[in-house]
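J.: Mind looking over this structure? Questions follow.
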């Protein structure tokens with residue numbers, strides 16, 4: 001009897017849940033999100049209070065309270081996506097999986113669905129906690145802060161949960177494309193952290209501006225911004241760019257997954 005899509009997705013969920021390291025990884029992502037977000041907010045508050053009036057006017061408490069935490073949490077989430085695939089290749093269990101589910105496109109879709117649901121649920125828990133922690137730090141330091149009902153805040157919190165999903169699916173796609181955990185994780189860190197943080201320091205002003213506007217992981221972060229910036233994409237446009245690029249990675253992963261031997 002052929003397994004249905006829901007059965008395959010459920011099996012992937014059970015497989016994921018049965019590995020203690022995966023659960024610890026999600027917990028680590030939540031802790032990183034909250035702690036690093038609070039630390040970043042603490043530093044940003046001090047910089048804001050010492051900044052000139054023109055710079056202080058553009059301060060975005062919502063973005064500031066969550067941005068720093070997500071920079072680190074996305075690596076943890078992406079790593080879980082990578083390892084959910086590469087661990088099967090490393091142990092050879094991918095062959096058994098493909099024996100049970102020979103339709104590779106359906107299997108990859110089920111893996112993506114299971115991982116995406118887990119990431120979404122965890123993100124919906126982590127995002128408001130990180131938001132409230134960051135705003136509490138800003139308020140305590142005397143910097144502007146925002147509540148959950150502030151304009152743009154609900155969209156930012158929901159958007160952050162969606163960013164969790166996209167980070168995990170990016171890792172999954174890289175795991176399928178590369179198959180080797182160390183190399184896939186290196187590419188992940190380069191795409192999500194090194195290029196957005198380090199590259200602007202060595203590029204020309206025009207290059208840094210283009211990167212801030214169009215580099216997918218950076219553009220996606222506009223969904224948590226509540227202060228408009230004409231030099232950057234609008235919130236939903238930035239998220240749309242990241243969704244498009246993540247989908248393209250998954251399509252490429254699906255094509256190679258079907259074409260290559262296990």
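Note that Cβ sites are derived from N, Cα and C of the backbone, with glycine treated the same way.
Where the annotation comes from TrEMBL, it is an automatic prediction and has not been curated.
Here's the feature list from TrEMBL:
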TRANSMEM  23-45  transmembrane segment
TRANSMEM  65-85  transmembrane segment
TRANSMEM  113-136  transmembrane segment
TRANSMEM  156-176  transmembrane segment
TRANSMEM  183-203  transmembrane segment
TRANSMEM  236-257  transmembrane segment
J.: Are there three or more C-beta pairs under 8 angstroms joining the transmembrane segment (183-203) and the transmembrane segment (113-136), sequence spacing 6 or more?
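T.: By the criterion, they do not touch.
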J.: Would the transmembrane segment (65-85) and the transmembrane segment (183-203) count as touching if the test is at least 3 Cβ pairs under 8 Å, pairs 6 or more apart?
T.: yes
J.: Looking at 23-45, 156-176, 236-257, which one has the highest count of Cβ pairs under 8 angstroms to the transmembrane segment (183-203)?
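T.: By Cβ pairs under 8 Å, 156-176 leads among 23-45, 156-176, 236-257.
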J.: Can you name the far-off residues of the same chain, 6+ from the ends of the transmembrane segment (23-45), with a Cβ under 8 Å from a Cβ of it?
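T.: For the transmembrane segment (23-45), the nonlocal Cβ contacts are 17, 64-73, 76-77, 79-80, 83, 118, 122, 125-127, 129-130, 133-138, 141-143, 164.
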